[in-house]
Amino acid sequence: MIGSSHAVVALGLFTLYGHSAAAPAIGASNSQTIVTNGTSFALNGDNVSYRFHVNSSTGDLISDHFGGVVSGTIPSPVEPAVNGWVGMPGRIRREFPDQGRGDFRIPAVRIRESAGYTVSDLQYVSHEVIEGKYALPGLPATFGDAQDATTLVVHLYDNYSSVAADLSYSIFPKYDAIVRSVNVTNQGPGNITIEALASISIDFPYEDLDMVSLRGDWAREANVQRSKVQYGVQGFGSSTGYSSHLHNPFLAIVDPATTESQGEAWGFNLVYTGSFSAQVEKGSQGFTRALLGFNPDQLSWNLGPGETLTSPECVAVYSDKGLGSVSRKFHRLYRNHLMKSKFATSDRPVLLNSWEGVYFDYNQSSIETLAEESAALGVHLFVMDDGWFGDKYPRVSDNAGLGDWMPNPARFPDGLTPVVQDITNLTVNGTESTKLRFGIWVEPEMVNPNSTLYHEHPEWALHAGPYPRTERRNQLVLNLALPAVQDFIIDFMTNLLQDTGISYVKWDNNRGIHETPSPSTDHQYMLGLYRVFDTLTTRFPDVLWEGCASGGGRFDAGMLQYVPQIWTSDNTDAIDRITIQFGTSLAYPPSAMGAHLSAVPNAQTGRTVPFTFRAHVAMMGGSFGLELDPATVEGDEIVPELLALAEKVNPIILNGDLYRLRLPQDSQWPAALFVSQDGAQAVLFYFQVQPNVNHAVPWVRLQGLDPKADYTVDGDQTYSGATLMNLGLQYSFDTEYGSKVVFLERQ
């Protein structure tokens with residue numbers, strides 16, 4: 001917890017270049033979402049205040065406060081001394097720090113003029129308040145009407161370079177969320193180059209702070225990393241062309257004493273799928289600056305006269321109740337104001353994916369047999385994975401066929417239509433008339449050199465002039481910056497989905513981007529990809545789309561605009577998945593996680609974990625499925641029971657609030673609780689990863705319940721919410737890998 005001396009500072013800094021001034025009074029309460037008083041601005045949420053003002057002498061925007069609720073007049077800071085090399089701009093908290101005028105910290109924007117200058121002097125011109133939250137051109141964005149959000153746009157202008165910048169601040173008060181983005185427009189006669197652009201820059205007052213991020217690699221995504229913010233620059237990002245497995249575009253700044261359920265935390269999440277940068281700098285004066293936006297190494301964006309570059313959005317969420325509270329605010333906001341799919345909050349079908357069951361080795365007869373066995377298990381959706389396409393270059397391994405999206409005639413002599421019809425005529429076991437649904441795997445952004453498409457259009461693959469085209473997994477990346485490539489993907493996907501009965505698409509992407517012709521290609525690629533997704537998801541709203549980038553490589557808020565679920569990791573080992581899924585939930589709702597029960601020994605780790613444990617871990621994702629050959633399932637008698645349990649918990653997983661009760665990095669007994677929005681139901685997932693010999697299993701205290709209500713636990717004993725939260729529950733486990741799913745219902 002922050003002590004009282006820190007709390008005074010946190011009330012806000014009101015600083016002018018060269019002198020201090022009395023802070024303006026902006027209303028006596030937070031009754032209005034956005035309040036302006038001349039050139040002072042207040043954004044007010046249920047539990048958050050965001051304040052800044054214009055320096056009347058310089059036109060610069062000065063940060064006053066981002067944190068807990070403040071009202072009325074806020075105190076002025078002590079006037080900073082100006083000594084040494086650091087000028088006044090480097091000694092204050094700035095809203096949109098530019099470069100070249102004495103602030104030696106990381107800038108939010110760096111512009112190179114045609115003459116070579118990189119100095120900017122963006123000054124306040126005007127502002128406007130807009131009801132609701134508007135879309136961004138060509139980019140995914142949060143949305144909301146006048147009841148949900150209010151937007152402040154501050155217009156800046158550089159009189160020397162004729163560059164304009166529009167800073168957008170949208171507040172969703174119910175979620176204590178501020179959403180920021182920037183438009184930079186060249187209003188001059190010559191070309192300019194945007195070398196760096198952050199969607200958000202926050203200068204925190206002097207305090208000791210920690211930073212939290214998600215690091216990893218393929219099959220090892222979303223490991224939580226926490227470290228002390230040191231003097232100097234620290235940070236992370238992606239240069240892979242995508243948000244990537246390596247680092248996720250999520251950052252939290254927290255008080256050192258902050259835990260899951262206590263303390264101040266600020267969460268930042270970029271609504272973007274491309275290369276990004278997240279940087280934190282503690283400057284010489286002790287202020288901490290946090291920036292998220294484009295990766296400057298992969299931008300270099302040319303703007304001709306009249307042209308505009310729009311940054312991705314960054315969502316900033318505040319809570320004084322720990323990281324768990326920040327996560328729940330992200331989850332609610334994204335479910336209601338980012339994810340556009342009709343499936344975002346609706347029950348997901350239990351699925352079986354063919355990949356780990358048969359890999360590339362199948363034909364029409366064997367795939368129909370696999371579907372029949374799936375329906376007999378009680379599965380509702382059968383997904384045919386990689387290996388169904390390619391004529392001259394059949395897809396019988398990963399070294400050929402990508403780009404040739406027609407059924408392999410050797411495997412499907414009559415095409416896919418009769419296969420889909422046969423499978424969707426199967427009745428799901430345990431139902432009277434529910435028919436099995438059919439889904440399919442595609443990897444539209446990729447091409448194998450061994451393909452007809454590549455032989456006809458080698459220029460469509462990303463390449464840098466004469467340099468060799470580096471293959472990964474025997475494939476190259478199509479250049480989605482090209483409209484012709486975008487149209488090709490839209491057209492073949494339309495032909496595949498139109499009138500075929502396919503109701504689910506798994507969209508894969510199994511490598512990073514290499515050999516781009518220019519740094520700006522990365523963002524051009526993303527704009528093309530977003531156009532493709534926007535077109536297809538609008539054209540086929542009844543198709544359930546799943547994003548998959550070799551598992552986890554594009555698990556980001558940008559993708560969630562178009563797809564309601566994402567394959568969380570190619571690692572399906574249940575022990576590893578607990579860590580991956582808990583980490584992913586720092587920013588992203590469990591409803592968006594694809595999680596499957598796979599065969600053992602696990603293909604990635606070689607570990608053997610009990611069937612029930614694997615199932616319980618997978619149930620914590622919004623899309624539960626099986627990734628195995630049904631004929632090899634052990635313990636057939638428990639499969640219908642577990643599938644029924646998965647269907648029972650799914651509505652609470654999709655729309656409930658997640659409480660991470662005990663973290664896998666801290667305990668051998670990780671636990672999570674999901675509480676329905678109305679508080680009437682809850683489901684506890686409790687695991688034992690490794691027992692301690694001759695040691696009691698610890699009690700687990702629940703959270704998020706009504707302390708005055710009574711709850712029935714698994715239809716048996718009844719306890720008060722206060723008892724369950726202050727004392728908790730205790731269970732014993734008979735095996736090394738033990739698990740329990742416990743239902744609670746409010747009386």
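Cβ coordinates come from backbone N, Cα and C, glycine included.
Taking a C-beta cut-off of under 8 Å and a sequence gap of six or more, D508 (active site, nucleophile) has these contacts in its own chain: D386, W441, V442, E443, C548, A549, S550. If you look up Swiss-Prot, you'll see D508 marked as active site, nucleophile.
Sequence annotations record features per position, and here Swiss-Prot assigns active site, proton donor to D570 based on similarity to another entry. Its own atom aside, the Cβ of D570 (active site, proton donor) has 22 Cβ atoms within 10 angstroms in the protein chains shown.
According to its DSSP assignment, N37 (N-linked glycosylation site) is in a strand. Residue density at N37 (N-linked glycosylation site): 12 other Cβ atoms are found within 10 A of its Cβ, drawing on all protein chains shown. Look at Swiss-Prot and you will find N37 (among others) tagged as N-linked glycosylation site.
According to its DSSP assignment, N47 (N-linked glycosylation site) is coil. Over all protein chains present, the Cβ of N47 (N-linked glycosylation site) has 18 other Cβ atoms lying within 10 Å. The N-linked glycosylation site annotation in Swiss-Prot covers N47 (among others).
In this structure, N55 (N-linked glycosylation site) belongs to neither helix nor strand by DSSP; it is coil. Annotation source Swiss-Prot lists N-linked glycosylation site at N55 (among others), citing sequence analysis.
N159 (N-linked glycosylation site) falls within neither a helix nor a strand when secondary structure is assigned with DSSP, and so counts as coil. Listed in sequence order, the residues of the same chain lying 6 or more apart from N159 (N-linked glycosylation site) and placing their CB within less than 8 Å of its CB are D121, Q123. According to Swiss-Prot, the N-linked glycosylation site annotation covers N159 (among others).
Taking a C-beta cut-off of under 8 angstroms and a sequence separation of 6 or more, N183 (N-linked glycosylation site) has the following same-chain neighbours: A164, A165, D166, S168, T308, L309, T310, S311. Per Swiss-Prot, the feature N-linked glycosylation site maps to N183 (among others); the stated evidence is sequence analysis.
The N-linked glycosylation site annotation in Swiss-Prot covers N191 (among others), and the record cites sequence analysis as its basis. Secondary structure at N191 (N-linked glycosylation site), as computed by DSSP, is coil.
If you look up Swiss-Prot, you'll see N363 (among others) marked as N-linked glycosylation site, on the strength of sequence analysis. DSSP classifies N363 (N-linked glycosylation site) as coil under the three-state reduction. For N363 (N-linked glycosylation site), the number of other Cβ atoms no farther than 10 Å from its own Cβ, over all displayed protein chains, is 14.
Secondary structure at N425 (N-linked glycosylation site), as computed by DSSP, is coil. The Cβ of N425 (N-linked glycosylation site) lies under 8 Å from the Cβ of K435, each of which sits 6+ residues away along the same chain. Feature annotation from Swiss-Prot assigns N-linked glycosylation site to N425 (among others); the stated evidence is sequence analysis.
All protein chains considered, the CB of N429 (N-linked glycosylation site) has 16 other CB atoms within 10 Å. Residues annotated as N-linked glycosylation site in Swiss-Prot: N429 (among others).
The N-linked glycosylation site annotation in Swiss-Prot covers N450 (among others), and the record cites sequence analysis as its basis. Residue density at N450 (N-linked glycosylation site): 21 other Cβ atoms are found within 10 A of its Cβ, drawing on all protein chains shown.
Taken from Swiss-Prot, the feature signal peptide covers 1-22, and the record attributes it to sequence analysis.
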Euclidean distance between Cα atoms of N191 (N-linked glycosylation site) and N450 (N-linked glycosylation site), Å: 41
N183 (N-linked glycosylation site) - helix vs strand vs coil (DSSP): strand
Densest Cβ neighbourhood among N55, N191 (glycosylation sites), 10 Å radius: N55
Of the glycosylation sites listed as N47, N55, N191, the one whose CA lies nearest the CA of N429 (N-linked glycosylation site): N47
Residue among recorded positions N47, N55, D570 with Cα closest to the Cα of N363 (N-linked glycosylation site): D570
Inter-residue Cα distance where the pair is N55 (N-linked glycosylation site) and N191 (N-linked glycosylation site), in Å: 30
Integer Å distance between the CA atoms belonging to N37 (N-linked glycosylation site) and N55 (N-linked glycosylation site): 13
